[in-house]
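Asker: A single structure is presented below for examination.
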Amino acid sequence: MKKDIHPKYDFITANCSCGNAIKIRSTVGHDLNLDVCGQCHPFYTGKQRDVATGGRVDRFNKRFSIPGAK
């Protein structure tokens, strides 16, 4: 078998913007900076917002709706 064909698999630190530091193993070779993690992501913290962007149909109906009608 060939020797030294696999990349190094070392411990690195993934630092989140909230201050959380996570020790993980990776082949990247340097520490990572994360925007969100499990402690600050809105889905996991329960502070999720309902973003209703609406589509083209909603925008059309809003623009051309008759005032006083349903």
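Just so you know, glycine gets a Cβ as well, placed from its N, Cα and C.
Residues or ranges marked as Zn(2+) binding site by Swiss-Prot on the basis of sequence analysis: Cys16, Cys18, Cys37, Cys40.
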Asker: Looking only at Cβ atoms, how many others are within 10 Å of the one on Cys40 (Zn(2+) binding site)?
Answerer: 16
Asker: Using the CB centroid of Cys16, Cys18, Cys37, Cys40 as the Zn(2+) site centre, which other residues of the same chain sit with their CB within 8 A?
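Answerer: Filtered neighbour residues, in order: Ser17, Gly19, Asn20, Leu34, Val36, Gly38, Gln39, His41.
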Asker: Taking the Cβ of Cys18 (Zn(2+) binding site) as the centre, how many other Cβ atoms fall within a 10 Å radius?
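Answerer: Other Cβ atoms found within 10 Å: 12.
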Asker: Within the chain of Cys16 (Zn(2+) binding site), which residues six or more apart in sequence place their C-beta under 8 angstroms from its C-beta?
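Answerer: The answer is Ile22, Leu34, Asp35, Val36, Cys37, Gln39, Cys40.
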Asker: DSSP secondary structure for Cys37 (Zn(2+) binding site), reduced to helix/strand/coil, please.
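Answerer: Cys37 (Zn(2+) binding site) sits in coil per DSSP, no helix or strand.
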Asker: Can you count the other CB atoms that lie within 10 A of the CB of Cys37 (Zn(2+) binding site)?
Answerer: 17
Asker: According to DSSP, collapsed to three classes, what secondary structure does Cys16 (Zn(2+) binding site) have?
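Answerer: For Cys16 (Zn(2+) binding site) - judged by DSSP and reduced to three states - the answer is strand.
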